[in-house]
Every structure is written in structure tokens, then in C-alpha cells.
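Asks: If you scroll down you'll find the structure; I have some questions about it.
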Amino acid sequence: MALSWRSWLANEGSKHLFLFFWLSLNVWLFGKTFLLYNQGLQYYYLHQMLGLGLCVSRASASVLNLNCCLVLLPMCRVLLAFLRGSQKVASKKTRRLLDKSKTFHVTCGVTICFFSVLHVAAHLVNALNFSENYNEEFVTLNAANYRGEDPRKLLFATVPGLTGVIMVLVLFLMCTASTYAIRVSNYDIFWYTHNLFFVFYMLLMLHVSGGVLKYQTNLEEHPPGCFNPNKTLRQNLTVPKAFEELFPDSTTEPFPEDLPVPEPFVQNSFMRVCSEQPKFQSHFPETWFWISGPLCLYCVERLYRYIRSNKPVTITSVISHPSNVLEVRMVKDDFEARPGQYVILHCPRVSALESHPFTLTMCPTDTKATFGVHLKVVGDWTERFRDLLLLHSNQDTEILPIFQQRRYPKLYVDGPFGSPFEESLNYEVSLCVAGGIGVTPFASVLNTLLDGWKCYKLRRLYFIWVCRDIESFRWFADLLCMLHSKLWQENRPDYINIQLYLSQTDGIQKIIGEKYQALNSRLLIGRPRWKLLFDDIAKCNRRKTIGVFCCGPNKISKILHKLSNSSNSYGTRFEYNKESFS
């Protein structure tokens, strides 16, 4: 399969170039800081004491400052949703870069883990060197109290050491709980441990305030390696014992400055004379500058989200669909959303702390204020949520009429937030591929088209939906039929191309119901032949740019991604967009 470099650049090239730039920036920052501490005169005496451990610890710390600063920005969802709005960022390519925010967050997290290991290893060496290379001449420069002090005291009996140890433990919990296996098997562990980030940042603020590593402030008066006549005289002149007993303080007095310096100590052209002893001072904690801005921005956003979602929504209806899918419809004052966006639901009676994201399947419009979500009942949270909403577990019709609405549990909605599927209406031609419950983001798009399609750029939509059982198609069968009927009435039957694939069959090969005949004619058994599908779409849309949107299993996503990057003989370019769930 030939590779189209233009398609690769549109789909993956920008991400790879950005990751390369980010890696290069971190390496450059590490190298620059390493050279500063290795060659800088203000760190001469500290370098003599600690060696390369000083350079590695400070260089890794500078990289950690940068990544700890930026790792929070991709989690500012309100900011991303604001920037994603078409009126805020006009360029589609720039908006597509915002879809990589999660990738950038993970990249920063991995970088923090790697350089934290390097930083810890360097400081273990520094603790040993502080103990072994204790220098009585520079008491203020030493972190140890005496030569041979147990290095473990520096790690567990000082503020920088103890906070560093705790941060390593917190970071270990956050990293291990972020792995794919734990997120899939127990999402609660991932959620709770990831919220330890606030503890991590508080400890980081304390960690850098210890001032263990110091720099020299009087380089002009005391250049590193300069000649100190007072020190030399005290070391080399022999004082009679009787004189020392009679005048004990005379041995510690400096050489009088008004007397001529003896010949052996006269300054030559190769050595400068020190006018005073070296003075050392701790750095101002630069980490505060790095993280204070993003941390305040994140906290302000969380406060804004809390205020915005503080009022519970009004649930208007709950519908139980086949295959353990629950639909919740609700209204909320001044709630606005675009098709493809998602919200975060929080039900205190289910869990006081947990919140979960769900894609909107129905957005409010000018004529109706109702919005809704479909959720698959998998896991403890959704099971408890379903049990609170349903009066009878076997009921599959709309429930909880007006006189029973007091039984609804309080439900809070945070959002909406942006997703890649907002762009599906901004292409002239879009290909939307859904796997199972992954159809939810496209349902809001279909509902929007049902209200009116002429105001959007989209002129042709290919909708592919793959399910394992026939009953799953009934989630949105009515919606598809209504949209199909509307387009036929408006003489635009070619506006949407619907293909439904049943990957597993038990003999029932049609959607039960006379009103679903339009869908039964589009129901196919088996899996899509993706290569033929892409070739056919490319042939019918020559020299056009087609947006490819996928929400489903990773296996389907990888196939579509590969086909989007491949070339074709029709000059058609596919731009790939993806949202995965697991």
C-alpha cells in the first residue's frame, strides 16, 4: 500500500513533528543547564564538592520544571473548548492540533517520570558527596553537618529530602495506575491516584524552598581559585609555642592589610589575590515561577467549572434500551452545546467523588432545550446509577412521569467540552465510523442534521455502524429512519449513505419493526471491507478532502488510520480523526 506523504503530514506528520520538537527542546534545555553548572564560576566550589551529580540534578530539574508547568494545560478543558470554537481558532489544522492534547499530556507525564528517575539518582550521589567531601572552610556550602554524616539523614531528616521521597512515592502511584491494564480493569484506581497531582504540586513547592544548593555571590572579590594571602600565612608561618600561649588570639588574626605582602605571596600576572572570603547564597525557587501560572489557571478553571455545575439538572425522562444501554434526557438553564461535544456527569448518591464523561447524543437547539446522553451499563458506577433511575429493572419504556420526579437522584452536569467530532460538519464530505456504543458522538450530529442541514458545510455523509447484535441498532434506529425520510422529502437522498454491519448473527438478520424497512435494506452481515470502501469513496469524491471520524475499538481505528495515510489514484485526501474508548 503506497504511502501518501500529503495525507501522512495531515494525519500524523504534525503530531510527529511536534513530538520531535518537544524532545529536542527538552534535550537542549538539559544540555544548556548541564553546561551552566559544569562551567559556571558561581558554582565552582559546589562543583568541586559534588562533581557531575550537581550538573545532572540541576539539568534534570530544569526539564522537570518545564514539563510540570505544561502538563496541566491539556487538562484545562474549558480553555480547550473555548479555543476549539470555530470563531476563536479559524484554522482547521490548528483546531486539529488541539485534538492531540491528551497525547501531549501523556508525553509530558512520561518525560516527568524519566527525568525524575535521573534527578533522584543524581541527588543520591549528591547526598553521599556532601557527607564524604565535607569542607570546613565553606560551612554554609555544606548540606551535611560534619564529615561522614549518614546520607540517609539528608534524605529523611530535611525538608527537601523528605518531600522528595514522598513525591517519588506519589509519582510512582500515579504512573503505575495510568497504565492501560489498570485503567481498563479498575478505572477508579486510576481516577483516585491521578487526583494526587495536587499533593504532588504542594510537595514540589516545599521541596524547592529548602535552598540546599547554593551559588557564590562575590565573584569579583573572590574569583574561584584566587590567591588568599591571609589563608596562606596562617597555614605556613610557624608561631612559637610560648608566644601562642601568651597571645592565643594572635594566630587567627588576618595578615595586616597596611603592611606589605611578603615576597612569596606577591600577585603575579597569572593569579588574582582574594580580597575576601567567598560568600554563598541559595537560589530563589525558580520552580515557583514555572508552575504558579498553570497551577493557578487550572485552579481557576476548576472553580469556574464547580460554580457552573453547582446547580443540578432537571431529568425529564429515562429510557432503557436493549443491550444494557440507558438514555437520560435532561434540561438545564443556559446550557449550550455543539454536536460532538461531551459532558461529565456527577451523581453524589452514586459516588461522592467520582465523575464520568459521556458524549452528548442530543444537543439543545433554538426550539428545544432538552439534551441527552446514552450510557452503556458496564461497571459499578453505571450499574448503581441505573438502579437509582429505574423503578423496575425490566422496564424498557420511558419512565418516571412528572408526579414521580421527586424520586430522581440529584445529577450535576459539568461541560460541555470539545472533541474531534465537532469538525465532522466542517468538511464537505465526512466518513463517520462507529463501533457499538461508539455511535454516541455521531448521534448528536445526526440529530443536528435532522433539525436542518443546509446551514453547514457538510454536503455528503458516509455513516458506517458496526454492531455485534441486531438489537443494538435499535438505539438510534428511529433517528436514522426520520433523517432518511426527511432527506427523501427534500429530494436529497444522496446526502447520507448509511451502512449497518452485523458482525455476529444468530439467525435474525433484520431490525424487527415495519417502520425499519429503510434500514433493513442497508443491513449487511459481516465486517466492512475497508479498502474497497475507501476506494469507492475516493472514486466518488475526486480531488476532495474527506474527514474521517472513528469512535470504536482500536483495531478498527488502526485500520482506518492506515488507510487514511495511503495514497489513491483519484487525488482524494483523507484526514483522520479519532476518539477511542476502552
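Placement of Cβ uses the backbone N, Cα and C atoms for every residue, glycine included.
Take a look at what TrEMBL says about it:
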DOMAIN    308-423  domain 'FAD-binding FR-type'
TRANSMEM  20-39  transmembrane segment
TRANSMEM  59-83  transmembrane segment
TRANSMEM  104-125  transmembrane segment
TRANSMEM  154-177  transmembrane segment
TRANSMEM  189-208  transmembrane segment
Asks: Quick one: do the transmembrane segment (104-125) and the transmembrane segment (20-39) have at least 3 Cβ pairs under 8 Å, skipping pairs fewer than 6 apart in sequence?
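Replies: Contact confirmed: at least 3 Cβ pairs fall under 8 Å.
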Asks: With helix taken as DSSP H, G or I, strand as E or B and everything else coil, how many residues of the domain 'FAD-binding FR-type' (308-423) land in each class?
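Replies: Taking the domain 'FAD-binding FR-type' (308-423) as a whole: 21 helix, 40 strand, 55 coil.
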Asks: Report, as numbers and ranges, which residues of the same chain sit near the transmembrane segment (20-39): CB under 8 Å and 6 or more residues beyond its ends.
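Replies: The answer is 47, 52, 54-56, 58-63, 66-67, 104, 107, 111, 115.
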Asks: Given the model, what does the mean pLDDT over the domain 'FAD-binding FR-type' (308-423) come out as?
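Replies: The average pLDDT of the model in the domain 'FAD-binding FR-type' (308-423) works out to 82.
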